[in-house]
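> Pasting the relevant annotations from TrEMBL:
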type     : residues : note
COMPBIAS : 541-553  : compositional bias 'Basic and acidic residues'
REGION   : 516-553  : region 'Disordered'
TRANSMEM : 43-63    : transmembrane segment
TRANSMEM : 75-93    : transmembrane segment
TRANSMEM : 130-151  : transmembrane segment
TRANSMEM : 171-191  : transmembrane segment
TRANSMEM : 198-218  : transmembrane segment
TRANSMEM : 238-260  : transmembrane segment
TRANSMEM : 272-295  : transmembrane segment
TRANSMEM : 328-348  : transmembrane segment
TRANSMEM : 369-387  : transmembrane segment
TRANSMEM : 399-418  : transmembrane segment
TRANSMEM : 438-465  : transmembrane segment
TRANSMEM : 477-496  : transmembrane segment
C-alpha cells in the first residue's frame, strides 16, 4: 500500500469495507436513517431549538429596516407575524419526510432530484451554511468585545497591528477568534445530544432579554417615542413596503425550509416535529422582535437616536465610566448573546453544513467533520468584509432565497403530490437502474427543469435589484420571489410528472416505506442489495393500513 493510500485510508470515516465503490459514494452512517435509540427529540426540544435559532441579533434587528422605510412600529410588527407565520407551514411540510422516514435533507432531496442530481442542491445549501457560519461568528465576535469591555475596559484600546488590507483590526479579530474557538466544542456533540444545549439557551437567553427590556424601560422612564411614531407611508406605497418587509422575513428563513429534515430526522415521533414547530416559530420571532422594538425605542429616549443593534446599545452603556452594577448587567446580557449566537450557528449552520458535506463526500466526511469544515471556511472567508458591504450582501441573500425556494417547491411537490408519502428507503442508497430514484443516470431532469423555471421567473426582477432598469411587473414578481419561485417550480414539476410519470407515483396518500427498511433484521444497505435493487416493491394492504392507523393515532 502506497503512502497516499495509507493516508486516504486513515482519513476515511468508519464504513463497511464490503461495500462497492458506488455504495461508498452514497452511504455512510450519518446518511442512513437515524437508528431508533438516536430519535430522542421530543416536542419541547423543537421549541427549544427555535428559541435557540430565533433569539439572535439578526431577528432582534429585522424590524429596524421596516421602520426606517417609514412604517409605524405596529405595521412592522404585523409584517413579522405574517411573514414568519407564512413560512412556518413550508418548514413543517418539508420537515415531514425527515420525521417519518428519519433521513436528513441530502437524502430527502434524492427522492426528487435523483441520487446524483441531488448533489448540486446539497452543494448550494452547504456553501450557504458555511458562509452564514462565518457571518454569525463575526457578529458573535462583537458580543465578545462588549463582554470583555465590561470586565476590562482597556480592551477597547488595544493597538492595531494588522494591515488595512485585512479589513479588520487586532482588537476585533481577537474577539472574533475567541468566539470562533468557544464555538468549536459545540460542534463535537452529535445531533441527538446537542438538544441539551438548546434547552440551556431556552432558559438563559429569554431571561437576559427580559432583563435588558426592563433595564432600558427604567433608564428611559418609559417605552420611548418610536411606539408613538405614525406611519409615513400610505396607500399602495405602504402595501408594497409591507409585502417587501414580510418577504424579508420569509427569505431570512429560506435556508431553514430546505434543511428542515436534518433535525426532524431525530424526532421521537412525527407529532413532535409538527405541532411544536407550528407554534414555536411565529411566537418566538414575535417575542424577540417586540423586545427589540421596545428596547430600541427606549434607546431613542435615552440617547436621542434609535440604536437598533443590541450589542451597539450595550457598548454605549459602557461609555462614560459606568457603575459596577451596570458593567455586570452588560456582561451578563452580552454573555447571553454569545450563547445565543453559538446556538444559532449550530441550529442553522454547522449541523446543516455537516449533513450536506457528508452527502458530497461520505467516504471521508461525517456530520461532525462537516461542521468543523464549515467553521474553518467561516474563518478563512474573512466574513467581516461581507458585513461591511451590507447592501451587496443583502442583495446576494435575497437572490439566494430564489434558488432555495425552487428546491423546496420541487421537494414538497414530490412528497405530497407525486409520490404521496410513499418512500422506498433502500433505493435512496442504490445506484442501479431499477431504483425509484435513479431516473436518468442518477439525475431527475424533470426536477431540474422545474428548478430552473423557478429561478428564471425572478431573473429580470433581480437585475432590477442590482440597479438595472426593468419593468415594474418584473420588480413586483421579484419582491414576491419566494412564492413565485416556489409556485413556478412546483407547477412545472407537477406538469412534467403528469407527462412523464416516474416509478413509484402513487394515487393514495399513505406515509409508508414500501421497502420496509425498518422491519429488516439487518439494516445495512449493502447486505440487502449488493449491486441489485431491493426486491420488495410494494407493501401489503394490511401493512399500509397499520401505518395509516399509527399516523392517525
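Counting starts with 1 at the first residue shown.
Using N, Cα and C of the backbone, Cβ positions are placed for all residues, glycine too.
TrEMBL annotations: computationally assigned, not manually curated.
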> Cβ pairs under 8 Å with the transmembrane segment (198-218): which stretch of 130-151, 238-260, 272-295, 438-465, 477-496 has the most?
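Looking at each of 130-151, 238-260, 272-295, 438-465, 477-496 in turn, the most contacts to the transmembrane segment (198-218) are made by 272-295.
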> May I ask which of the stretches 171-191, 238-260, 272-295, 369-387, 438-465 has the most CB pairs under 8 A with the transmembrane segment (328-348)?
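When the Cβ pairs under 8 Å are tallied, 171-191 comes out ahead.
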> Taking a Cβ cut-off under 8 Å, which residues six or more beyond the ends of the transmembrane segment (399-418) line up next to it in the same chain?
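Contacts of the transmembrane segment (399-418) (Cβ under 8 Å, skipping residues fewer than 6 from its ends): 90, 93-94, 96-97, 108-109, 111-113, 121, 124-125, 128, 250-251, 254-255, 257-258, 447, 450-455, 458, 462, 465, 481-483, 485-490, 493-494, 497, 502, 505-506, 509.
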> What parts of the chain pack near the transmembrane segment (369-387), using Cβ distances under 8 Å and only residues at least 6 beyond its ends?
13, 126, 129-131, 133-135, 137-139, 166-168, 172, 176-177, 180, 183-184, 187, 349-351, 353-358, 393
> Other than its close neighbours in sequence, what residues sit by the transmembrane segment (477-496), given a CB gap under 8 Å and a spacing of at least six beyond its ends?
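Here the qualifying positions are 87, 90, 112, 240, 243-244, 247, 250-251, 254, 398, 401-403, 405-410, 412-414, 417-418, 446-447, 449-451, 453-455, 457-458, 460-462, 464-465.
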> Under 8 angstroms, Cβ to Cβ: which one of 130-151, 171-191, 238-260 has the largest number of such pairs with the transmembrane segment (75-93)?
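Answer is 238-260, with the largest number of Cβ pairs below 8 Å.
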> Tell me if the transmembrane segment (130-151) touches the transmembrane segment (171-191). I count contact as 3 or more CB pairs below 8 A, with pairs 6 or more residues apart.
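By the criterion, they touch.
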> Is the transmembrane segment (438-465) packed against any residues at least 6 beyond its ends, judged by a Cβ distance under 8 Å, and which are they?
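Answer is 112-117, 121, 395, 398-399, 402-403, 405-407, 409-410, 413-414, 427, 430-432, 471, 474-479, 481, 484-493, 496-497, 500, 502.
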